[in-house]
Amino acid sequence: MASPVDEVAVGTRSLPEDDPMQREEEEEEESDHPAVSDDSSEEPEEDEEEERRIREGFIVDEDEDEDEDDDDEKERRKRRKRRKKRHRKERSDDEGLEEDDLDLLEENTGASFSRNKHRLTRLRRARDSASPAPSSSKRKQVVQSSDDDLDNDDLELPQVQDIHNIWDDERAAGGRDEDEDVDMDDMDNFIEYEDEEEPGDVLDEEAREERRRERRRLEKERRKAMGSRPELSGIDAGAWDEIYEVFGDGHDYDWALVDDDEVIMDEEHGKPDMKYQDVFEPSEIRARLLTEDDDFIRAHDTPERMQLASSSLSTSATLSLQNPLTENDLDDAASWVITRLSARKERDFFRPDGQYHRYLPDLVQAITCALRYLFVHEFEVPYIWMHKRDYISYFNPSDLRTHIEFLSLDDLWRVYTVGQKYRSLLERRKALDSLYSRLAVSDRYFEEEIRQRVESMEFVVDATEWLSMKYREGKKQQFELHFHDDEEEQPEAKKLKVPSRTSAYEVAKKSIVSKIAQGFGIQPHEIVLNAVSPGTTHFVEEQDLNPVAYAEQFVDTDPSKAQAPEELLRRARMIFSTELGKDPILRQEIRNVFKAEAQVSVLPTDRGINKISEHDPAFSFKYLYNKPANDMLQSSQFLGILAAEEKHLITVSIDIPANAKAAFERRLNEAFTSDSYSDTAQAWNEERRRVIQETIEQHLLPVGVKWTREWLREEAEDFYCRQCAQALRERVNVAPYRGPDLQLGETPSVLAVSWGKGDPHKDDIILVFLDEGGRLREHTRIDNLLDTEPLDEFYDLLKRRRPNVIVVGGFSIATAELARNLKRLTGKMEADVSEGPLIVESSRGNEFTGIPIIYSYDQVARLYQHSKRAAEEFSALTPVARYCVGLARYVQSPLNEYAALGPDIVTISLGEQSHQQVSNDRLLTYLERVLVDTVNSVGVDINRAVTDAYYQHLLPLVGGLGPRKAQALVKKIAAMGGTLVNRDQFIKNSLLTTKVFLNAAGFLRITQMSESVKPAKNRRDEDVDVPDPLDNTRIHPEDYELARKMATDALELDEEDIHEEHPSYVVSLIMQDDENEKKLDELNLDDFAVNMYESNQDKKRHTLNVIRSELLKPFGEKRNPFLTPSSWDILTMLTGETPQTLRIGLIVSVLVQRTGPTVANVKLDSGIEGIINGAYVADEPTEPRKVLKKGQSVQGVIIEVKMDLATDTFSVELSSRPMDVGSGDAQFRLVKRDEYWNHTQHDRDMEMQARKKRAEVDRTRRVIKHPNFHNLNASQAEAYLDKQQRGDVVIRPSSKGANHLAVTWKVDDKLYQHIDVVEPNADLSGQTTGKLVIDNAHQFSDLDELIVNHVQAMARKVEELMAHEKFKHGSEDELHLFLKNFVAANPAKSAYGFTLNRKRPGHFSLCFLANKNSTVQTWPVRVTPEAYYLFDTPAAGVPELCDAFKVRHLHESQNLGGGPLGGKTPYGGRTPARTPAPGHATPGRMSVRQVPGRTPNPYGPGAPMAPPPMSGGQSSYGLTPSGHTPYGGGNQTPAYGRFGTQPAAPPSFAPPPTSVPSGMNPQRAAMIQQGSSWGEGPGKRW
């Protein structure tokens, strides 16, 4: 049996047999160490065994025939070499084995193995279980090249070598099979196989060898299955056979391992280059700034922010592809930019009466210089503001007293922004020119007019659209010629059908209509030139024919295709108006009109009327009416309007005043119309005016509205962003907190204390101490500040650390109590027994009286406590402790805290109200500029930035740098050793490129360890870097010579005195001089600046002043003092209450805490304590404890808000008197209306809302006990009565108010009358009615009386008239036709009849035809309970009505003297009928019948009785006795003669039928039939 070491050798790894590198190495080793295999003194046993195996091998070789294949011999030679190699390594097997292998051997064999303690092991990943094989030399080259490529990778990324080696472990595991094969061959000669020959078998040597090979193969397979696992080594052959029968040989699924074999083959040839893009997610690569664009930005010699299209802090920042400007572009750029800077510049410099009008040329020069530095030399704004300010300010050598700053810092940023827009405009201009050149046309109007007026992006778009419209056909043909196949016989390839995009204009343009459009006598562009260029005049060519006659010439001769001349003219107007409306110059004119005259109006939608209350911020513009657009530029109101519009609460309309629109239309008409006075010219002018009107309405006004909307939105966004930026500037442009023992600009050590939410049962008091360098030195927590042990710990911390300031923060009003306790413990406040637990004062606190205790803004700290950055920096701290860290850091440097937020800075609330319409990238750009300005004003210590990750957040904000370049700079400095000595190293060591260095050099400070510099001899040695005191100043390296010159002159030294010294030696001398300020003041810097300007035109006046201040105090503090929050800010931080929520007069809910004889203590929901004095508890003065109880919730009116920071008290005083609370607080919550308010529309909507509200209340609350009362609206009432009989009634609520009722009764099928009933003394709570009034004329005591004496009385009148023979069912038109037919058949007769007026329920129409030559006339008949009314003439019955009609008609005909009668109703109109309001009526269910016991009809006995009508159904309406209508006569209506001049026989009537008419109540029909019959005498014509 083999030794344990030999068993381990089975699992060791070796290279494959066919590896040529292996053979070379083996041969080299065999030749280099010949004595290793022959040395028998060290291991004699192994040598004897080796000799025996070698002899056996020789014996076998000797027995073989000479003809055998040489393969076996080669194989044996290989085995011998491998055995020698293994023999040489046996002495160091223990050293070569891994620790895991040795542990495994000891565990399974029980033997112990020596371990080499000095052996170096490879660090493994936690998930790896095997050591990877060493990489090949080829792969090592890949790693080295990748390291060079990824020189700027993030420090946290895994090394490239690790990335390439991540598969090494798998390759090691994958190579075990080959190793085992090799080692199995080595083990073959250790096992003696006994030939199991059958009796009588005689095997020759070859057969024996074949059997040996077969056994060796089986043994190999078993050992492979064993996998070199020691626990399987004891399994015998029989057991393996059984395992093989059950599980197979393990090769059943070799087909699935083909890929693994390919991987092994790939390893032999070397894996391809692997990049980090192949390993990491694209989002991770983008977040770590490792994309190709990031690499380009990092390497390109341009400031990073200038290479980006948006903020460098944005996670979605993209590469800007705009080209830089040239010197030739600067003049045009300055002219374009200067008009778009600000309204203030326009007022002060452009107006003749402006304050600085005479300096306008100097302003243009300043803007030109700024544009040159920004877009030609590529200097950032901070560099220009600090080092080139002389070129943007007024400088006149002969007028040194005048100081004018042409461009402020904000103006400089504005120049940069507008300059970027101009650069984009140049790109669009080039694209437009390219399009024009590709069209290959010559257009004089485009070249001389349009191209010269391109001044905006909108104009470029319009010009592009105009070209596409005008030359679309040519463009299509050009493309067809370009792609057309020259071979005509070749068929065209079949193309997919695309959707048609042909407009009506294109269709008309291709037709004959385009010829008609030419008849207007002038081209569209000539009209534009006439309108916009006063000196240009294009005359109209007159036409001989009028427009219609001119169009008739082009009518198609084919009748099926012919169109009317008017239609052709309309299409011609459409062509001309489209071409005129697409003109870019005219569109620019309408934009100018809108910019000067546009007005904005707002109307609420139906949803907005209810949703936007008087307390909503949107209420201020809910009814905005004709507000000038220019008045909205300096506010963010339009953003609020857009937000409300997105919620579908309002609709926004933009228009120009009528006078401005009329003036613009008049200009175009004057440019288009002809001056001729002929009828033809006037007809054409009328067509031209229609063209102008169509152009304005359909083309120009929509363009102006769209542009104005975008313009207002952009201006409002800019205003909001500037407002937020200014708020941020006030927060960050402040120095660290300055305690009593600190100098200005020094960083204090801070102790931050917080109680969290302030719950004494849950929250501990957290204390965090940061030293002057911002490092966390100590953090602890204590239970309270009352017990002795926590107090001792607190005092011990103060004594040991001695903080310069204590900052307090928290999330509830309990923080104020914590601040009071801290002030008492440090001896700043006396204890008040009345306020909670007493803190025992101790003399120990007196020594800490000088430590200030302050509040600080905590918005950044609140974000920081839950951020990923806080978790990475202080993973062991609780969120409250991290909050304290944020508080302390803010006190030390607000700038650093805001800069560390990165893109999250947009989440800080800086404006009065946030607007979601402003994109984060846009807002981030403005906020980043504030941080850039402040950081460059303060400067960044580059050496500290390399070592301090928190301080490093400032580095990307330095001029010229950005996140990518700052990251690369830090890595390069760290590779150099982490420390720079002077600024020259940035260029000498290729740390920064030229332009970036020029931008950043003056803001990267290098602090000096000593006050002086080294001797000159060291400086002359190029390999030695020496410090320079100027590197710790704001002075730019290009001005170092000026600084040295000033220092030399101030010290009155000669060049010989400092010849052998460092050039900046004099600078160190002047800095250390005690009288340096006096000596520098003696220098005449103005004369020096004048001399420099006269000698080489350098403007250095401001630069010299900067050098002087820096020599006195390098990087002196220029920021404002630390800004502490106000009382309201603190109250808002702790409670969320604002001046709007705690306004005096508002009603709030409070909880009573304690009551006493004179005062009650209460608490608001936000935790603020309050008091209610006895005088304000009830209407009459009383003790609060008699009215209020502990735990009671009451309403109170805020009387006063009390805040005292000295004592940290915040409270409110309230009044709970019913008289104060009852009056409400609506007037205090109202939102102020805009001064441009649509009062009329507001009042109308409010009235409508009130009516709807009253109706809703009435429908839900008014209940009347009556069988005919139903809570329905008008349509529902009609639907209910549809199946009832005529005369049935429904009583329902009215939409006119609670004191109104509506009565709906059925007049006829599909005809209902709604009557308004007024109840003067309505009792809404009761279920009965009182006095009822109709039309201020009829009064009833109750509903029953109203139904009987009013509704039923009218129903009887209606049915009485409907039963008359002159009544005809159907419409009024049918009655007209009947009358005409009757008179045509009986020319000597007249005819009349009645029918229901369907448009006015409760009314009839009396229609009559006097003779065949007249027209049918209609007179109204109104039905009332007591009579019929023909106009104003009452008639008690139908006969009286007929008589009244005849008399009136005869009287009118006589008065007319036989004149012609028209067909209109005399005396004007008809009696008006009330139109029911939709949705407000109720059906009833009572049939109008005579019910015994009801109130009698007062109109019955007193009214004149009408003769009983004829019983009846349908009347004959003047038919002949036979009942047939005679035919004859036409329907002509000439003017007829005098009425009634010819005698005629009276019309005969058919006898009335005895049946009851359809739909009539039988009892009512019987009542009518009881009356006297009536008719007409034989001598009458009617």
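The backbone N, Cα and C atoms fix where each Cβ goes, glycine too.
Just so you know, TrEMBL annotations never went through curation; they're auto-generated.
Predicted, not measured: the structure shown is a model, and the values here were computed from it.
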Annotated range (TrEMBL: region 'Disordered') out of 1015-1034, 1095-1114:
1015-1034
Across the compositional bias 'Basic and acidic residues' (208-224), what are the DSSP residue counts per state (helix, strand, coil)?
17 helix, 0 strand, 0 coil
Counting by DSSP, what is the helix, strand and coil composition of the domain 'SH2' (1264-1365)?
28 helix, 29 strand, 45 coil
In the predicted model, what is the mean pLDDT computed over the domain 'SH2' (1264-1365)?
85
Over the span of the domain 'S1 motif' (1145-1217), count residues by DSSP class, listing helix, strand and coil in order.
7 helix, 39 strand, 27 coil
